[in-house]
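Down below is the structure, laid out as structure tokens.
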Ligand SMILES: C[C@H](NC(=O)[C@@H](N)CCCCN)C(=O)O
């Protein structure tokens, strides 16, 4: 007979947090690679001859396969069918292979400048690599959420999720901070090579985690992956998409994140050209929201747990976004300190909204539909992460060129792109307001505290 009292691997504080540290490292590397090319926009233009439309295509490519080939949906299915170890390894391998292709295109194909479908061939190959990486990164994201749910069930699950996202932000901030200085000191592609090496480390880390996870499964005997809980099912999809709360959160998510992640990709150039911030510092400033979110997301998460008010907090975050983008759009405000203060305010909004949004999903849907709900919301969010950079790149090239820099790169006026971001932020406030009204109507309890005294 089985000993029910036998201590399992995840009963040990050190083991479960150690397991989290291992997978969080993989995600940190993923966030680093996701963001590391962004601060290099101007250098990509002067060194490799990429224009803004090509940069926009490349940036949006992260989500291309996720959106058009429904890779997040298939990823969810694979995750449920084959489990976290197989899916995690597959996702990490995709990230490594995708980044290797991107690196190859940027180093070995610099002469491949023939135009195919309106873009340089090397841009298309780099984008294909980044797209493959994007599939791996998003599938790894939902896999890690499921890993935390398994290892921290009945334990510090919300804290663990907050810590994992916070650690991922370290990867983002590192990417923004080191990209330009490293590219200037070595080659433009060196920051990407560093990311590739970190991802290989992340792959090794994931294999190490798999050994622990297999041991835990043996102790649990009935593998969690094979349980009917948390399965991706088309029946659940129907139930979820019929819920108005799902649509309001999904639309708020795509609008809100479209004003943050894609904006950050262009922000380094905005800092350099409009606010005259030193090139070596511009990336660090653009990455400030990630740094702020590192500390503030767990703090605001704790506040939402204790005091509730999640719908109001999402409205506040969206209102702050409008203020930030609106002031960035004003052509006569060019003081560098204003740009830095705005980035800090953006960082606060970037901490407020996610710490209220992700736990709200858990209030609207039962646990067994959460994996499916998160996969669908990530899928809709990816539409924005693909479309907005593509749009902004085309707008910059089509309407905003005002000259050329000494290095030969184009000089852009960011007023129109910032007006577009302001418009999206206004829409996000309207949707946040509708979500609060829906909360009152349907009783989602978003304004109530998670922890009752
Ligand atoms: C947890 C959440 N993650 C996402 O929204 C991902 N789908 C996209 C991550 C892109 C990272 N630059 C988050 O990071 O808040």
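Glycine too: its Cβ is placed from the backbone N, Cα and C atoms.
The annotation transmembrane segment is assigned in TrEMBL to 12-33 (among others).
Summarising the annotation, TrEMBL assigns domain 'Major facilitator superfamily (MFS) profile' to 19-440.
As annotated by TrEMBL, transmembrane segment applies to 55-79 (among others). Same-chain residues lying 6 or more positions outside the transmembrane segment (55-79) and placing a CB less than 8 Å from one of its CB atoms are 34, 37-38, 41, 44-45, 86-87, 90-91, 119, 123, 126-128, 130-135, 137-139, 142-143, 146, 232, 262, 265, 371-372, 375-376, 378-379, 382-383, 385-394, 396.
Residues or ranges marked as transmembrane segment by TrEMBL: 86-105 (among others).
The annotation transmembrane segment is assigned in TrEMBL to 125-145 (among others). For the transmembrane segment (125-145), same-chain residues at least 6 beyond its ends with a Cβ under 8 Å from one of its own Cβ atoms are 23-24, 26-27, 30-31, 33-34, 37, 57-58, 61-66, 71-72, 75-76, 78-79, 84, 87-88, 90-106, 109, 112, 119, 161, 164, 371, 374-375, 378, 382.
The feature transmembrane segment is assigned by TrEMBL to 166-186 (among others). Beyond the transmembrane segment (166-186), the same-chain residues lying 6 or more positions past its ends with a Cβ under 8 Å from any Cβ of the stretch are 24-25, 27-40, 43, 194-195, 264, 268, 279-280, 282-284, 286-288, 290-291, 293-295, 297-298.
The feature transmembrane segment is assigned by TrEMBL to 192-212 (among others).
Sequence-distant neighbours of the transmembrane segment (245-263) (same chain, 6+ residues past either end, Cβ-Cβ under 8 Å): 59, 289, 314, 317-318, 321, 325, 346, 349-350, 353, 357, 360-361, 364-365, 373, 376-377, 380-381, 383-385, 387-389, 392, 421, 424-425, 427-428, 431-432, 434-435, 438-439, 442, 444. For 245-263 (among others), the entry in TrEMBL reads transmembrane segment.
As annotated by TrEMBL, transmembrane segment applies to 283-304 (among others).
Sequence-distant contacts of the transmembrane segment (311-331), counting only residues of its own chain at least 6 positions beyond either end whose CB sits under 8 Å from a CB of the stretch, comprise 252, 255-256, 259-260, 263, 270, 300, 304, 338-339, 342, 345-346, 348-350, 352-353, 355-357, 360, 413-415, 418-419, 421-422, 425-426, 428-429, 431-433, 435-436, 439, 446-447. The transmembrane segment annotation in TrEMBL covers 311-331 (among others).
Within the chain carrying the transmembrane segment (337-361), a Cβ under 8 angstroms from the stretch's Cβ atoms is held by residues 158, 161-162, 165, 249, 252-253, 256, 260, 263, 267, 270-271, 274-275, 277, 285-286, 288-293, 296-301, 303-305, 309-311, 313-314, 316-318, 320-321, 323-324, 327-328, 370, 373-374, 377, 444, 446, 450, all 6 or more beyond its ends. Annotated transmembrane segment per TrEMBL: 337-361 (among others), in sequence order.
The feature transmembrane segment is assigned by TrEMBL to 373-394 (among others).
The transmembrane segment annotation in TrEMBL covers 414-435 (among others).
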Same chain, outside the transmembrane segment (192-212) by at least 6, Cβ under 8 Å from its Cβ: which residues?
9, 15, 18-19, 22-23, 25-30, 32-33, 36-37, 85, 88-89, 92-93, 95-96, 99-100, 102-103, 106, 147, 175, 178, 182
I need to check the long-range neighbours of the transmembrane segment (414-435): which residues 6 or more away from its ends have a CB within less than 8 Å of a CB in the stretch?
245, 248-249, 251-252, 255-256, 258-259, 263, 266, 269-270, 273-274, 311, 314-315, 317-319, 321-322, 324-326, 328-329, 331, 388, 391-392, 395-396, 399-400, 446
Summarise the model confidence on the domain 'Major facilitator superfamily (MFS) profile' (19-440) as a single mean pLDDT, whole number.
89
